[in-house]
Amino acid sequence: MAFKLLASFVSVLAALQVANGAATRKVTCAGGQVTANAACCALFPVLEDIQTNLFDGGECGEEVHESLRLTFHDAIGISPAIARTGKFGGGGADGSIAIFADIETNFHANNGVDEIIGEQAPFIARHNLTTADFIQFAGAIGVSNCPGAPRLNVFIGRKDAIKPAPDLTVPEPFDDVTKILARFEDAGKFTPAEVVALLASHTIAAADHVDPTIPGTPFDSTPELFDTQFFIETQLKGTLFPGNGSNQGEVMSPLRGELRLQSDAELARDARTACEWQSFVNNQAKLQSAFKAAFAKMTVLGQNTRELIDCSDVVPTPPAPASKAHFPAGLTHRDVEQACRQSPFPALSTDPGPATSVAPV
């Protein structure tokens, strides 16, 4: 499945390389940086600014989590199915979520994105990038701060939105698996394997609004690391709620301080996605390559890829992985709810010490 996922992006990447010249000579920017295209020089001052002033000196923190979330909520706002009815189906990765924030932040699925939109606004105002490009660039740069993350692709040249995306294009955590897979297939012909790969973003994510009494609640025990723990812990038996009880889109979690989305729990156990989900459990290399390919496909939804410039060499190399796949302290293989019928759950060690409790971010 990993090879199929990677192959699905080949046509997009090939188009970008043809448009921009795969053998373009390297250029030296005014600041001394070297890149493949002179147009990419404009990104280095943006990079320095957001690393220092948005991401707190290059941390894998809350602003990174929220910036990555924003890349998805902007890009998934496209529906060829709606367009076929004669209505505007959205423009994908076109910045509409920020340009038309007064409209799109009122959509239920976009609850809370107004905060990162507000934080990014001054950076967009002082740099010569389209809003569409800035949102995707900031997400990719933010992820580069997280140990174990892949070095994501960055493209510039997107046209900004002239209309807001329609409501109901962003999946909700209470949607069932069939509805979620259909939404992704409509948006960009994403396969079930690519949907699972995109959800690797939850390894560095946290929830503020599913249970508003406990903002900053992570989805796994290592929210500062881009690792496979999210795919392990979503397959453990849920025993508690981290807050005051069940909320819409939430199911029981195996750890104190950890929140589990209903959609994640169901995708981890559905016959169409369970084996792909399990395949990430102790495979950091696959996690990196699959997410990199799926993100690259998502980040150009609705755009003419022949008009984009590949500036991926501007992205810093992320820190090396800083953890190995494991069961959190207090949990073992007996706590796994086995869902993949084709292969057994991998053997993992359990962390020593008292039962794991996850701190908010």
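Placed from the backbone N, Cα and C atoms, the Cβ positions cover glycine too.
Curation does not apply to TrEMBL; its annotations are automatic.
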According to TrEMBL, the disulfide-paired cysteine of Cys340 among Cys146, Cys275: Cys275
Cross-link partner of Cys311 (disulfide, per TrEMBL) out of Cys29, Cys40: Cys40
Across the domain 'Plant heme peroxidase family profile' (129-344), average pLDDT on the 0 to 100 scale: 97
Fewest other Cβ within 10 angstroms of its own Cβ, chosen from the disulfide-bonded residues Cys40, Cys146, Cys340: Cys340
Fewest-neighbour residue among binding-site residues, criterion Cβ within 10 Å, set Asp74, Asp220: Asp220
Under 8 Å by Cβ from Gly92 (Ca(2+) 1 binding site), counting only residues of that chain that are 6 or more apart: Asp74, Ala75, Ile76, Gly77, Ile78, Ala187, Gly188, Val300, Leu301, Gly302, Gln303
